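I have placed the structure first, in the form of structure tokens, so that the comments after it can refer back to it.
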Amino acid sequence: MEISNWLIYFLAVLGLTFTPGPNGLLALTHGAIYGSKKTIATILGGSLGFATVIGLSMFGIGALLAASAQLLIVMKFVGGAYLIWLGIQVWRSPSLGESKAAVSQNVSSFSLFRQGALAALTNPKGILFFVAFLPQFIDPTISLLTQFVVMASTFVIIEFIYEYAVASLANKIKPFLAKFGKKVNRVFGGIFMVIGVALPLRG
């Protein structure tokens, strides 16, 4: 991948990363509830999910989606249903004012990892973006695997830094967030549920 193409890709990824999405919101929520250190599991799960989506986009899911409109519809409803479920879990989660140590005992790192991965994997808008976005940077004269490694690692590193910063910020302002207790959880949970409902309804 030529350095000029990579720089353009890098800038585009920065723009995408700073656009609010399910994984960024999840990092914010988990950072406030569990702390930034434990939220690393969430971020790693999301990173694996994004790398998988990029790989699928580069190696043929675009052609599959073009051939099957029904598959896209199914993906939209599955993604929407997962976000609604996630919103319910956030809505019902312990108050941000509770002791972080007490809350952390009730959740495993694998559970956080799984939530991060599923948030990335079940977002069809993300998949469609990569299907449309990545071909602009693919050079047919260079190994596709090599380009995948470069593109996926670039995206994952930027996304990891961004989400960890968001989680750390949420943890630092936790005393402020704790003042509102369950209301904050319900706002975050409500946003997830609204996105989940709207996702299948959008064209």
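Placed from the backbone N, Cα and C atoms, the Cβ positions cover glycine too.
Residues or ranges marked as transmembrane segment in TrEMBL: 6-28, 40-65, 71-91, 112-138, 144-162, 183-201.
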Worksheet item: Taking 3+ C-beta pairs under 8 angstroms (sequence gap of 6 or more) as contact, is the transmembrane segment (71-91) in contact with the transmembrane segment (183-201)?
Response: yes
Worksheet item: For the transmembrane segment (40-65) and the transmembrane segment (183-201), does the number of C-beta pairs under 8 Å, pairs 6 or more apart in sequence, reach 3 or more?
Response: no
Worksheet item: Restricting to the same chain and to residues at least six past its boundaries, which positions have a Cβ under 8 Å from a Cβ of the transmembrane segment (112-138)?
Response: 1, 5, 8-9, 12, 16, 21-23, 26-27, 30, 34, 38-39, 41-50, 52-54, 56-58, 61-62, 65, 72, 75-76, 78-79, 82-83, 86, 144, 147, 151, 199
